[in-house]
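So the structure is just underneath, and the comments pick up after that.
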Amino acid sequence: MRDAFGRSENEYSRLVAKTNNKMLNQLWEKKKIPEEAWTDHSLELFLAWLASHDTNNRMDMNPLGAGEREGRVKSAFVRRLHCNLSHGIGRSGNLCEIQPKALGSSMLNCLANEFALHSLHTLGLTCARGALVVPVATGMALMLCMGSWRKARPNAKYVVWLRVDQKSCFKSILTAGYEPLVVDPIRVGDALVTDIERLNALVEEKGEEILCVLSTTSAFAPRAPDDIEAIAAICRTHDIFHLVNNAYGLQSTECIRRLNNAKNSGRMDAFVQSLDKNFQVPVGGAIIATTKQSQAASIAQFYPGRASCVPSRDFVLTCLSQGIRSLLEGFEDQHRLFEKMRRKLRAFADEIGENVYDVPDNKISLAMTLSTIPPEKQTLFGSILFSRGITGARVVMSTTKVSRVENYEFLNFGSHTNEQHGGYLAMACGVGMIDGELDELFTRLSSTYLRFIHKVTHSAKAHSTSFDVDRDEFSETDKD
Ligand SMILES: *Cc1c(COP(=O)(O)O)cnc(C)c1O
């Protein structure tokens, strides 16, 4: 058979090698998300190429590891799962230092950070100067920012937290070793917005002892994004750090607009976003973006130890598998679908005599009143929605109960405010949702609601109907 391979076949083979090399080298030279999507075949080639740079995969000689951490992986399955990349990222407690034994993993880490900045810029976040992909979720990433700032404000013991009822961002303050000073939002129209006056008074009073203000852009309606422009101005006047929790805010043009304005109008040091909520990768990573390049480096320096490269890897592969164009299209689809969700929810609310909260600045989440369901039945309604396969939509009841998060007490936790209300249903349109899912959501929501109302109004002893089965089988709210 060998005689059948002639000059043209050999030439073609050289072309294949050249093309593959060109593709990989260009990526490494540019360090930008390519315009066009890569095929799965190219992704495999890319990973094999990276792994070849790690010393334990050397082919020019037999590698001999004489250290305590040599990238050995016992299980062949686990090795395959990680595509022979086993060294992780970082070195002796600096996430951005190159690990000589693991050049491939270090290159992957570098690409992840570059892609993160590229994607933020492409989404319009011109205020970002540095970006760091960290192998921890949003709450822990917020903690890393605060921890890295400690030495800059040695007298600080407080972090001002603009209340948003989500436990991980609150706990990030405690984990960083600071005491939270809570500022509740105030009601303007239907929306819960930042109490700038109260924040100002607090900062005036305790300025020196405050490390930073922790604000939030993306939150469940009726909470609006914080007024980070005004907060940034206060932080600049008082020379304190400003950290923004932008957990799923990359999807919202309003969050992006505010972030850019905040940098121009005052001080904003860093904003943190979840990798999974924004880029559809498995949970485990976040992007810390900074408005000064040197800030990202100092947070990387603060990180204790080496880290998993899995979140960086999944993010890089996800960017390559889409290309910058369809990455953007995914976000544009969210903008369109959110408007559709709002139209549909308003139509549904009209039909059943409810109202959709008017929170124009929240372009991800919606809330609808539940006045037609007696308060004592609202939780049950939430658990039935869950049992019908609707996850993420949650019923928020008003409560005078006190909830504890560590040693801190909150009234009406879940509502972002102590203020009592009539109960509502909140839902979000996250990037990745598709038209069919949205249609099905409203079909199920509508049929479940009508059946529920029928039982509640037509059964004198509604509490003993078959709905109780649901209550036992399913948890009441999504605790996410
Ligand atoms: C998701 C989210 C967080 C962070 O949660 P992690 O599990 O740490 O990623 C923080 N705040 C808000 C508002 C969120 O939605």
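Counting starts with 1 at the first residue shown.
Including glycine, each Cβ sits where the backbone N, Cα and C put it.
Note: TrEMBL annotation is automatic and uncurated.
According to TrEMBL, the protein carries these features:
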type    : residues                    : note
BINDING : Arg69                       : pyridoxal 5'-phosphate binding site
BINDING : Arg91, Ser92, Gln99, Arg306 : substrate binding site
MOD_RES : Lys277                      : N6-(pyridoxal phosphate)lysine
BINDING : Arg388                      : tRNA binding site
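Taking the features listed in TrEMBL, we show where each one sits on the structure.
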residue	record	DSSP class
Arg69	pyridoxal 5'-phosphate binding site	coil
Arg91	substrate binding site	strand
Gln99	substrate binding site	coil
Lys277	N6-(pyridoxal phosphate)lysine	helix
Arg306	substrate binding site	coil
Arg388	tRNA binding site	coil
So of Ser92, Gln99, which of the binding-site residues has the fewest other Cβ atoms within 10 Å around its own Cβ?
Ser92
Mind running the binding-site residues Arg69, Arg91, Ser92, Gln99, Arg306 against ligand 1 and keeping the ones whose CB falls under 6 Å of it?
none
Most distant Cα pair in Å, residues Arg91, Ser92, Gln99, Arg306 binding substrate:
10
What is the interatomic distance between the Cα atoms of Arg91 (substrate binding site) and Arg69 (pyridoxal 5'-phosphate binding site), given in whole Å?
12
Cβ neighbours of the residue listed as 'tRNA binding site' where a neighbour is any other Cβ within 10 Å:
15
If you count other CB atoms within 10 A of each CB, which of Arg91, Lys277, Arg306 wins among these recorded positions?
Lys277
Cα distance (Å, whole number) from Arg306 (substrate binding site) to Arg69 (pyridoxal 5'-phosphate binding site):
11
Can you count the other CB atoms that lie within 10 A of the CB of Arg69 (pyridoxal 5'-phosphate binding site)?
12
